[in-house]
Each structure stands twice: as structure tokens, then as C-alpha cells.
Amino acid sequence: MTSKSVVVLDYGSGNLRSAQRALERVGASVQVTADADAAAAADGLVVPGVGAYEACMTGLRKIGGDRIIAERVAAGRPVLGVCVGMQILFARGVEFSVETSGCGQWPGSVTRLQAPVIPHMGWNVVESGPDSVLFRGLDADTRFYFVHSYAAQQWEGSPEAVLTWSRHEGPFLAAVEDGPLSATQFHPEKSGDAGAAVLRNWIERL
């Protein structure tokens, strides 16, 4: 079977090589690039992200990444956001009282977690539903690796989206599956066999 082609979008943020290796281990043919044509042509596009929301959006817009994402989603082409790469898919992020416009693929805001210990760092379970493709075949007690201080803590998007939740004091979105657009707040590339299973499930949809 021919390997699925995946572009990891290089806009100056994210664990690019870790993501590349994790995707290659589950059978994808991976290119790390900022090239719009390559990103448009690939079977799947991964949008990583670490650090500040505003800095990520600045880097993304600099390479036209917001347009690349929008065009792929409009055409029904799969996109996977990871960590801050998930957060920037929402309409806005609020950090230190500064509001930054995101890609706007989903309505709503990314805000600081309301917990005494920040960042939320370490392994945590998630609550996925029976309709999830990303978590297919995984047990309910499976843990994933998180490191973040901000998250989407409510959902204002399509009622048909498949939502997966986790908790750090209060609930937050751990993953969203919404047509061609999927995202995880945790790092699948740092989540061992569980993360590999999520990536494999995503690639099998391409």
C-alpha cells in the first residue's frame, strides 16, 4: 500500500522533527515545509505549535498558513492541529489580557486554565465518545501527555463535531473531530504507544 503523504507545516513553532518521526513511525511519508503548494497537495496537513498564541499566529500568517488551512478545510482535505496548533484554530486566544485573532475555523476563545497549578503538565486520561475515530481501539484509562496553560474550555461549534474532554481542575477540550478538521491539545508525538495509535487512526482516514 502506498504511504500517505503528510506535510508538517513549518511556521517557526512546534516540535517539527518529533512530529515528523512520530508520523513516519506509523507509516506516513512526511515532509516538513512552509511551502504552500506542498501543503495543498499532501494527503494530510499537520499544524504543530508551542509557545504563545500571538507569536504562533504571527508566524502562521507570515507564511500564509491561515489561508492554507482555510483552503484545505473548505476543500474537505484533512488537517490535524496539535497543542497550540489546536488552539489557533479557534476564533481568538486570550493571554495576559491580550486578545489575538486566530484562524477562526471554530468559534470561541482559548483562555487560561482555572487551576492552582499551571501549567498542566504530565499524563492524563481523556473522555472520548463512541463516534471518535482518533481514539478508536483505545481503552478508557489510556493516558496522553499534556503541557499547556491555556485551552478551549467550552465548545460553540457544530453540534455534529466529536468532542473529547479532559480535566485539570475544570474540564477542557482534549480533542475535536469536525469533518476534515481534527485537533488534539495533548502531544501525540510525546504520548508513546497511545499517541502513535491516535496518529495511525488519523492517517488511516486520509
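Every residue gets a Cβ built from N, Cα and C, even glycine.
Computed from a predicted structure; not experimentally measured.
Residues or ranges marked as active site, nucleophile by Swiss-Prot on the basis of sequence analysis: Cys83. Taken residue by residue with DSSP, Cys83 (active site, nucleophile) is part of neither helix nor strand, so it is coil.
Annotation comment: Swiss-Prot describes His187 (among others) as active site. The DSSP secondary structure for His187 (active site) is coil. Taking a C-beta cut-off of under 8 angstroms and a sequence separation of 6 or more, His187 (active site) has the following same-chain neighbours: Asn15, Val82, Cys83, Phe144, Tyr145, Phe146, Val147, Gly195.
Within the same chain, the residues at least 6 positions away from Glu189 (active site) whose Cβ sits under 8 Å from its Cβ are Asn15, Ser18, Ala19, Arg21, Ala22, Leu23, Val82, Gly195, Leu199, listed in sequence order. According to Swiss-Prot, the feature active site maps to Glu189 (among others).
As annotated by Swiss-Prot, domain 'Glutamine amidotransferase type-1' applies to 5-206.
Cys83 (active site, nucleophile) counts 28 other C-beta atoms within 10 Å of its own C-beta, drawing on all protein chains shown.
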